[in-house]
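Shown next, in structure tokens, is the structure this report addresses.
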Amino acid sequence: MANDYISFVFKSLLLLIHLVFLGQHHVDSASVVKSLPGFEGPLPFELETGYIGVGEEEEVQLFYYFIKSERNPKEDPLLLWLTGGPGCSAISGLLYENGPLTMKLDVYNGTLPSLVSTTYSWTKNSSMIFLDQPVGTGFSYSRTELFNKPSDTGEAKRIHEFLQKWLGKHQEFSSNPFYVGGDSYSGITVPATVQEISKGNYQCCKPPINLQGYMLGNPITDSKIDGNSQIPYAHGMALISDELYESLKRICKGEYEHVDPYNTECLKLLEEFNECTSKLYRSHILYPLCEMTNPDCYIYRYSLSHYWVNDETVRKALQINKESIREWKRCDWSKPYTKDIISSVPYHMNNSINGYRSLIFSGDHDFEVPLIGTQVWIKSLNYAIVDKWRPWMINNQVAGYTRTYANKMTFATVKGGGHTAEYKPDETFIMFQRWINGQALYGKVKLLQKTE
């Protein structure tokens, strides 16, 4: 009897320890952040950070930054922003593209870098969730290696689950018009996530997410289309000669991505092409190609966020879970990731059929994902043109060019823009503001709500 009692007590203690462990690890956390190290005074906006667990046992903990709209959070749209990569932190969007703060561009001297307010934050008229995804990015993490191997389709499902749980804890935003946005590799993730949300709204999940549409900047969409557009783009921007371009077209027959290894003449021409373009900064061809350690280099600003985020006072202010403590990287390319969506064009087609609005925009000096390729896959959708190609203006100056289609898709270029919104943040903000408010970029007012 005594042994049975001891065994019972021992098992009870093990169960209690297990329950405590689960309680510590499976309770989602959220914290209101009133101030941040490096920023002078209280934050002039409402910031919340936290983790949402996804998976059967919430093995994956996704970290987010949530900023309420500065205009009317009760009614303004709610936007989920997904940074590209895959493997680039939400901080990239928040501090460099469309958030209310950015790094002050001072040379690092060993002290904590400073933050300053921006004038172009999309949170002026929308509430925004900046999400660290896929798992292993930023401060998101998995408790087991089994769940630390993300994929395109798997992340779309995780993001959908994240949204369901997040909205369950923030029910005051459940009726707000909801959008998903991103850039670069998010051209794969966002359309898949939109389709996953749409499918969930019809099949399983109540209350449904009030999904209205999505937006993408310089989106990676189809590796073949994107890759094959770089040579005609280079010719159009006078990066290669007419003679080289004509030879490439004739000898390679328009196929520059998957070249026949026996077509040695084509391979030699591609070497010549690379000689002409390899020294360019591909995210914006007018910017110099230089090292991140050089304070005069554009990308030096990225090193400042590395110093800032890895400071212990910043991690404490952001309420970072100790399980995810490690060296933070703005973009971590070393993580395993399965690219199981070859082309997101079918997802765009399905989302159009379901009636969702979309804004696709391209910085016209991006060599990574040239606007020519984006126009090719948009054309492949075979939707009628509603509004012809025309300039969109800011203060009577051309800010880019735009065209709209019968599937509620708007395409726009950003004049002087690069691979992400950060190269023309003011212009991109005005473009976003017009579109999210239901206006055509050139001024006509249109209905905002998706019709059922």
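For all residues, glycine too, the Cβ spot is worked out from N, Cα and C.
Disulfide connectivity taken from Swiss-Prot links CYS290 to one of CYS276, CYS297, namely CYS297.
The recorded disulfide partner of CYS331, taken from Swiss-Prot and restricted to CYS88, CYS204, is CYS88. Other Cβ atoms within 10 Å of the Cβ of ASN109 (N-linked glycosylation site) number 6 in total over all chains.
Contacts of CYS252 (disulfide bond) defined by a Cβ separation under 8 A and a same-chain sequence distance of 6+ are given as VAL259, ASN263, CYS266, LEU269, LEU270, in order along the sequence. Within 10 Å of the Cβ of ASN350 (N-linked glycosylation site) there are 16 other Cβ atoms, across all protein chains.
All protein chains considered, the CB of CYS88 (disulfide bond) has 25 other CB atoms within 10 Å. Among the recorded positions ASN109, CYS290, CYS297, HIS419, the ones whose Cα sits within 10 Å of the Cα of ASP366 (active site) are HIS419.
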